[in-house]
Amino acid sequence: MAATETKAPSSAAGLSWARVCKECGQQHEGQETHLYEYQNEVDDELVCHICLQPLLKPMDTPCGHTYCYHCLSNFLKEQDFCPVDRQRLQLNQCRPSSLLVRNLLDKLLVSCPHYADCQQKMQRCELQPHLHNRCPVFKRLREEAEKRKRPSWNEIKGRKGDGESSGDAKHSATLSRNPTRDQSEPGLINPAYEEIDDDNTPLRSSLVAEANVVELFRDEPEEELGLRIVGGKDTPLGNIVIQEIIRDSIASRDGRLAPGDHILEVNDVSLASIPHSRAIAVLQHPSLLRLTVMQEKGFKIRDQRSDHHASTFTASHSPHGNSPSSQNPGKVLHVMLTKTHRTEPLGIKLIRKSDESGVFILDLLPGGLAAKDGKLRNNDKVLAINGHDLMHGTPESAALIIQNSEKCVNFAVMRPAENPEEGGSSSREGQHSRGVRRAPEPQYFRRQTTYLKDPPGGFSCQEKTVSLKKEPRTSLGITIAGGRDCRSRLPVYITSVQPVGCLHRDGTIKRGDVLLSINGVDLTQLTYTEAVSVLKAQTAQSQVVLRVIQTLSEGGEEDTETGSRDDFDHVDDQREETRTWTPLWTHWLGLPSHMHWCRDIVLQKTNNESWGFSIVGGYEESHGQQPFFIKTIVPGTPAHFDGRLKCGDEIVAVNGATTVGMNNSSLIPMLKLQKNKVTLTVVSWPGSLV
């Protein structure tokens, strides 16, 4: 057994907030390993052979040894062999240790570094939440630092001077856990942050957000993180925002990131004032990524009941919460299970579904705690556990939260209507909860003439025509993707220009160009398969006239994502969007309006519910007319539970009235007037894949 050093209890005297590690609470340099005060001897098998302390971020070598990630990476910067058996070794040959080993390490008992003041001992994995939420010394240090300097949320995001402030002060959000967000951002209007005046409804005292550090490690340098991101200094959004988490990816398996998170820093590099393409390059660091993210948690309720904790947000007041199933497809329920001891299993089998993201209850084991309680049911969708958002989570992350819970485990679940066949005809547009399998998606339609507008400032497009003569059997040498049947209803675009084709020799057509027509045949309305058929037929001709649109941005930087792997002759292989090169999100912003496809999204709420999203855009003196974009979607609100709105979506119209030409002060009352239902017409482009 390895004896670990237990340090004398520390006090707040002499501590500096800037020098204190926000994860372990000790004072050490940013690149040094975390320090913990272990309460018991630790098995030698869980000790790093370099630092001789319990493992942190354990990495297994091919020769069977395990080290802390930081210890091993620092060692291999100077040497090229395993420290124990001296076999040749490189860091990219190592792999993170198994979940079992990591769980054993997480359960090691440690004391708070400020034990003299708070008298708390806990498992190692619980120390960071303890410091940020319960430790009085940590709280005092943070408050003292805030008093000395309170940067605004606007400053964090590097958007100084980015337009005038919102026209309605009532829509500013005060964050109880995020002291850096004291002011609403200029140009930001917040129908999500509406105050509630009804005496029958609990008041929301504040919108809760937290700054967290998330470390992700790539097993392979080229492995995708599984994030789709939007935003950047060169776009109306300003911030870099996570639009989507790709299933079964590094980020999905980690479980701590969620759609809507704002990425503030990557490996100590601020993303506040860099363009979109530069942010992509920063996020493509080959190994370890340390992300500082601002995460919205939802509204905190002032008059919480005794059986609800601080993590209960507006989910309990969802429009689906108390209505009969005949009116809504499902309802949100809060269930608290109390274990007799910390390690008692709940008796719940959790699964994921192939057609919907999130975590679902497959079965309740007979005789188990959940089955005896009787409130949870099969097919309930797990929205959150102990305040951790699982709308896009995995069964593995849910199981880890349960495993690390104390005796009380709080579930927020979405339950489908008991008679969906009967209720379906009466609820129609209102049935959009992600906890229920919805009817087929509404029809997409071309952007109407009354909705047309110019691209955002800094983006434009130009049309090109190429006419060439060729031998009938000579290939154009291009691969394509998109089509109006793909998930994002993208136009057909070129993913690569092969060096053997006649278009490569011409040099006019580039990767990312959107195809308009070939020999006069319109391609803008076609599905992928139809476009492939037309291209094959027309390239058999000796004369080819190709019309394309190229989108441009002021930055002029090339898209940097991975290349296409298949020719468009291989239709089946090319259909999977993640297997083909796709332009960055900013590429689509310059596309002319007549190429946009819209869809209507209907949200419903009670009279005093917030819609749950914030918006940037509209007319500003410094930027002129900008489109309105969704910037934030707040957990526990109608927009969140509906699940179809995404950060980066452009709002084209509200209840059929175009937003083109509107300013903030015009759109705010339009949204506030919609008491129970609103129809948003949106254009949704896929975020850039990292």
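Cβ from N, Cα, C; glycine included.
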*Select from 303-330, 331-358 the stretch of residues annotated by TrEMBL as region 'Disordered'.*
303-330
*Can you say which of 417-444, 557-584 is given as region 'Disordered' in TrEMBL?*
417-444
*Output the single range from 213-284, 334-417, 465-550 maximising the number of Cβ pairs under 8 Å to the domain 'PDZ' (600-686).*
213-284
_Within the domain 'PDZ' (465-550), what mean pLDDT does the predicted structure show?_
87
*asked:* From the DSSP assignment alone, can you count helix, strand and coil residues within the domain 'PDZ' (334-417)?
replied: 14 helix, 36 strand, 34 coil
